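Annotated features in Swiss-Prot:
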type     : residues : note
DOMAIN   : 37-139   : domain 'Ig-like V-type'
CARBOHYD : Asn74    : N-linked glycosylation site
CARBOHYD : Asn81    : N-linked glycosylation site
CARBOHYD : Asn101   : N-linked glycosylation site
CARBOHYD : Asn119   : N-linked glycosylation site
CARBOHYD : Asn148   : N-linked glycosylation site
CARBOHYD : Asn165   : N-linked glycosylation site
SIGNAL   : 1-29     : signal peptide
TOPO_DOM : 30-183   : topological domain 'Extracellular'
TOPO_DOM : 205-306  : topological domain 'Cytoplasmic'
Amino acid sequence: MKTVPAMLGTPRLFREFFILHLGLWSILCEKATKRNDEECPVQLTITRNSKQSARTGELFKIQCPVKYCVHRPNVTWCKHNGTICVPLEVSPQLYTSWEENQSVPVFVLHFKPIHLSDNGSYSCSTNFNSQVINSHSVTIHVRERTQNSSEHPLITVSDIPDATNASGPSTMEERPGRTWLLYTLLPLGALLLLLACVCLLCFLKRIQGKEKKPSDLAGRDTNLVDIPASSRTNHQALPSGTGIYDNDPWSSMQDESELTISLQSERNNQGIVYASLNHCVIGRNPRQENNMQEAPTEYASICVRS
């Protein structure tokens, strides 16, 4: 049994027949598409004499509803300058997008944000089957922002029921930034307060330490003076009221000895400021040691401050 290429003669003839079949099929499909497009043309449904108001610094947008059947057309925005509509250049502050979550797809022009120079009339257009279709114009009135901006709310497109106020997201974006700043400043303020308290405590302790050092030194001097004075007083105490001092050789060699004891007590407890004891001893003459015996003389004075 002969195959199809054999029946056609050669493989080259079979390839040409296949290409001809694809060409005829594409022509038929194109005619059907054109027929559908003619039955359902593209429509740009912007209401005539549409007007909108905006304030500088707001996030603003205008919408162009587009009706189509099969293929989404290529739509552009332009701004009227006299009798000419100048196409807009896309930038981060001025860009377009499609919103197809509605019953009618919408081609949107975004102002992020809007300025006084954006004041004017805008329209959208498309090229459909070698024919340019223009929409009605939308006029935007841009005014300076004042302090009491709540008296002049943003006006949206009247012919689109689902249009939203573009100034809302800006406040929502500002609130997280302010909250983050507040959460950052609170711990920083608490840390500074804690550091100030620690520095104040260290300063007070240092002052108290300086005040304690002179009193400690005075106590040490008093103790050092009291110990030899008491021991010496006990050593030189008389055995009886009428007895004579038994002076040691060292004390007898001195013509006159004077011992002064100064005591300084704490300011709030003791009233005695100082006490002095003068002890005068007439030394023995070693040459007349056997013939003469001299009695010592001593006296004490006490001063009390009220």
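A Cβ is built for glycine as well, from the same backbone N, Cα and C atoms used for every other residue.
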Discussion item. Can you check which residue among the glycosylation sites Asn74, Asn101, Asn119 has the largest number of Cβ atoms within 10 Å of its own?
Written reply: Asn119
Worksheet item: If you measure Asn101 (N-linked glycosylation site) to Asn81 (N-linked glycosylation site) at Cα, how many Å is it?
Response: 33
Practice prompt. Would you report the average pLDDT that the model assigns to the topological domain 'Extracellular' (30-183)?
Written response: 79
Worksheet entry | Rounded to the nearest Å - Cα separation of Asn81 (N-linked glycosylation site) and Asn74 (N-linked glycosylation site) | 22
Worksheet item: What is the three-state DSSP composition of the domain 'Ig-like V-type' (37-139), stated as helix, strand and coil residue counts?
Response: 6 helix, 55 strand, 42 coil
Item to complete: Would you kindly give the Cα-Cα distance separating Asn74 (N-linked glycosylation site) and Asn119 (N-linked glycosylation site), rounded to the nearest Å?
Response: 25
